[in-house]
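Quick look at what TrEMBL lists:
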type	residues	note
TRANSMEM	20-44	transmembrane segment
DOMAIN	35-344	domain 'G-protein coupled receptors family 1 profile'
TRANSMEM	56-77	transmembrane segment
TRANSMEM	97-119	transmembrane segment
TRANSMEM	140-159	transmembrane segment
TRANSMEM	179-203	transmembrane segment
COMPBIAS	225-242	compositional bias 'Polar residues'
REGION	225-261	region 'Disordered'
TRANSMEM	291-311	transmembrane segment
TRANSMEM	323-346	transmembrane segment
Amino acid sequence: MDLDNVTAKDSFKQSSSVSTVVLIQFVIGFIGIGGNSLVCFVFLRDRNKRNQTNALITHQAFIDLLSSFLLVLLAGYQIIGSPSTESRVLQAFACFFWTRITLFAVFAVSTFNLTLISLERYIATVFPHSYAGAFTRKKIRRMILLVWIMAPVFQYFIAWTTHTYRDGKCIITKSPASVGILLFLWEYFLPVAIMSFSFFSVIRTLNILHLQVFDATSVGAMPSTTYPSQGQSTVNTVSSHGPSSSSQTNPNPQPEVSTVVSTAQVPRTANQAISQTIMRRKLRRRNATKALFLVYVVYVICWSPNQWAFFQRSLGGPLDFNGFFYQVSVVLAICNTAVNPFVYAFRHKTYQTRITEWLRSLIT
């Protein structure tokens, strides 16, 4: 959601449907607090599943938790009014930071972290041999710090260039149209382009690997030799010209002959076991990637209407802040802070398992 810099008044306060939008924002914020807190609890509680992917998912849940908390606070202040203070320091702080800019800055961090998740999945799947060196725990921490620094840079640039505190008043001026275009490119278009490339490359690679494993399993499952019937054994003879393909029937089979059949079966059984292990590993990776891909799809659905609306406004087009489309686009964007826990509950196998185990422990 972009910032409306036209006047000092929030566009929500100019709308006749402000009570409905604010109430929805308040409810979604509480749902987001509950759902994202549960995601953080589940992944932090399970020490055995602490890997780079789950660390980024937990960080995503923490960001959405912070966004939900800010949604509740901002909605609450619109309902009951903001507290007043005589402190010039606090007034200046509120002018520059305690505005929707802070909320939009956290939204930008959420977008960049999801982009980082897509790149992590891309490297892990397409370039698995480079993954261990590229995504160590130390590097993950640095990447997360970089996300918090880079993502909101334009939001705080807007705050410093359009917000002025003077004589106890916060004066907000209109920002140039070029700033809105830069915001669109930095916080939406570029991340979506990277995520789209990463996830579709991952899906294509996983499909190729799945076909390769399936073909290998099918070949391994086919019998490569004809086993002798009961009471018979196959005896290979060697002549001066090399191995002979003829076989003889031994009327008095010895116990040692049965080892010929066993040694023919062992490679087949071992190959099946290896194939099954590979298949299980691939399926786990596919399930986690599908869940994160769905998170990306939900993000695009939730944010696209609002972002494209503000982009065409930055190009000089009309945008009615009191209109039905704008209000729906705001609600959709806010929903993105609370929807991810439901995606994990339906698609992420590890999250499903841990939630089930935790609920059982509470009941018993």
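Just so you know, glycine gets a Cβ as well, placed from its N, Cα and C.
Residues 1-3, 10, 53, 56-57, 59-60, 63-64, 66-67, 70-71, 74, 143-144, 147-148, 150-152, 154-156, 158-159, 163, 186-188, 191, 194-195, 198-199, 202, 292, 295-296, 299, 303, 333, 336-337 of the same chain sit 6 or more residues outside the transmembrane segment (97-119) yet have a Cβ under 8 Å from a Cβ within it.
Ranked by Cβ pairs under 8 Å to the transmembrane segment (20-44), the stretches 56-77, 291-311, 323-346 are led by 56-77.
For the transmembrane segment (323-346), the residues of the chain that approach it from at least six positions outside its boundaries are 1, 15, 17, 20-21, 24-25, 28-29, 31-32, 35-36, 38-39, 57, 60-61, 64, 67-68, 71, 107, 110, 291, 294-295, 298-299, 301-303, 305-306, 309, 352, 355, judged by C-beta separation under 8 angstroms.
Here the transmembrane segment (56-77) has Cβ contacts under 8 Å with residues 22-23, 25-26, 28-33, 36-37, 39-40, 43-44, 100, 102-103, 106-107, 109-110, 113-114, 116-117, 120, 140, 144, 292, 295, 334, 336-338, 340-341, 344 of the same chain, all six or more residues outside its ends.
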